[in-house]
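**Q** Sending over a structure as structure tokens; questions will come in a sec.
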């Protein structure tokens with residue numbers, strides 16, 4: 001006896017199943033073979049009993065609702081139901097029709113065993129056959145009549161054989177032989193189904209192979225993810241490096257362009273603005289020391305080197321009335337043009353006029369306030385009266401010209417201190433300052449001329465410009481004029497008064513206070529430094545002492561040097 005049959009017997013005893021229920025449980029067991037025809041015939045005979053019928057049908061419906069793993073219980077229960085419908089009581093077919101929905105649900109029965117085979121296909125096919133049989137009344141009647149005839153024949157054959165043989169038990173071969181055609185057909189179907197299952201069963205692989213396959217797949221996936229992350233990181237770093245290189249290249253190109261622009265672009269030199277409207281001076285290649293601009297429009301001249309070793313003067317203030325700083329020369333408001341270079345003209349006399357030569361290059365200055373390089377008036381009148389910001393210079397009043405920009409278009413006419421504009425012999429104005437007593441700036445040129453060597457060429461060392469003084473204009477006859485009286489600042493002259501004229505008849509009455517006549521004898525007076533230095537003739541006695549405004553005075557003057565040779569006679573009236 002098998003283990004499954006022993007377990008069924010134990011359950012039958014425990015649950016106290018009836019004889020009919022035990023037979024149904026035996027016919028619908030989980031064994032791999034189908035129910036025997038004799039057992040099914042006995043159950044069909046019990047269906048005619050009302051009590052046994054209810055027990056049989058309740059157990060069959062219980063087997064039909066079993067779990068998927070007990071698919072054999074379901075399949076054998078449907079086989080037993082079909083047999084009972086054909087050979088059992090009519091109440092079986094009637095109850096099956098009433099509970100047809102329970103059979104119809106089995107059309108969707110699903111179960112796949114561990115080997116991957118679908119075992120629910122047999123249940124689904126059997127359910128379709130039962131539903132079709134229950135719905136077709138004619139077929140049901142025919143099948144039922146045929147099954148009953150077959151059962152009767154089998155019963156008669158069995159009775160005759162049993163009577164002939166005797167009361168001995170039939171052999172085992174006869175017990176295994178199907179008792180009816182239905183049972184034989186059922187066994188044949190079961191055998192075919194089982195053989196088909198065994199043929200369709202694929203070779204199963206061991207669990208170790210599945211584990212190794214899953215492990216290999218997971219390792220391959222991890223390696224792929226790692227390589228993808230590394231590739232993305234490399235792409236990101238490469239992109240950042242390319243952007244950084246582009247930024248550095250752009251910065252280098254911009255800096256190179258700026259360097260080239262700085263190299264090839266020369267900044268424009270600052271141009272000194274002329275407050276009197278004079279033309280801007282042409283810049284030269286020779287560097288000139290920083291000096292105050294000439295307020296009267298005189299061209300700037302680089303100072304020459306001092307042959308006596310004097311300290312290089314520094315630029316002075318442009319105010320003609322304020323004393324200059326002790327460390328540099330003062331700006332001459334009457335400053336002449338620069339001396340010509342070597343080989344271009346004679347060297348000017350340091351004690352004479354500085355307008356003997358004109359600059360070689362550049363247009364002449366059209367400043368109305370600058371002295372002309374040569375004045376043809378034998379009476380010595382100055383071309384114009386200099387003024388500073390509308391104030392009187394040297395004690396003579398002049399009104400500022402509002403059309404100073406147009407003065408360069410007309411010729412400057414000599415004027416005198418009188419309102420009538422008469423030409424006077426000595427009516428020309430003199431600068432408010434006389435050269436300093438110790439100013440030896442012009443000695444270098446005269447010494448170079450006397451020795452016969454050309455003056456030193458212009459060097460970057462700044463030298464003071466050549467000054468034009470009344471003594472240089474008058475020459476040796478400067479003693480005929482009282483320079484101190486002319487330089488001093490007398491009170492304002494009335495507009496209607498005339499300046500003194502030495503050629504005016506003695507009988508003509510003066511119209512107002514006149515300036516002191518230099519030709520009239522005067523009481524003796526103290527000699528001034530200018531008279532001691534420049535006058536070869538004793539000064540006119542009786543001249544009152546006057547204030548001398550030094551142009552370069554103050555501390556830090558160069559040491560006193562012996563005067564140079566007297567300048568040649570330039571007065572056309574002296575024979």
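A Cβ is built for glycine as well, from the same backbone N, Cα and C atoms used for every other residue.
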**Q** Give the range, chosen from 351-360, 381-390, 391-400, 401-410, that Swiss-Prot lists as motif '[DE]-X(1,2)-F-X-X-[FL]-X-X-X-R motif'.
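**A** My reading of Swiss-Prot: the motif '[DE]-X(1,2)-F-X-X-[FL]-X-X-X-R motif' range is 401-410.
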**Q** Annotation phosphothreonine in Swiss-Prot: match it to one of 28, 420, 511, please.
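**A** Looking at Swiss-Prot, the phosphothreonine feature maps to 420.
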**Q** For the feature region 'Disordered' as recorded in Swiss-Prot, pick the matching range from 76-112, 113-149, 150-186.
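**A** Comparing 76-112, 113-149, 150-186 with Swiss-Prot, region 'Disordered' matches 150-186.
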**Q** According to Swiss-Prot, one residue among 25, 72, 433, 533 carries the annotation omega-N-methylarginine; which one is it?
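**A** According to Swiss-Prot, the omega-N-methylarginine annotation belongs to 533.
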**Q** Among 204, 472, 514, which is annotated phosphoserine in Swiss-Prot?
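**A** Checking Swiss-Prot against 204, 472, 514, the phosphoserine entry points to 472.
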**Q** Taking the Cβ of residue 472 (phosphoserine) as centre, how many other Cβ atoms lie within 10 Å?
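**A** There are 24 such Cβ atoms around residue 472 (phosphoserine).
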**Q** Hey, which bits of the same chain come close to the domain 'UIM 3' (233-252), Cβ under 8 Å, at least six residues off its ends?
**A** none
**Q** Sort out the residues at least 6 away from either end of the domain 'UIM 2' (208-227), same chain, that have Cβ-Cβ distances under 8 Å to it, and list them.
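**A** None.
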**Q** For residue 469 (phosphothreonine), list the number of other Cβ atoms lying within 10 Å of its Cβ atom.
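**A** Total other Cβ atoms inside 10 Å, all chains included: 24.
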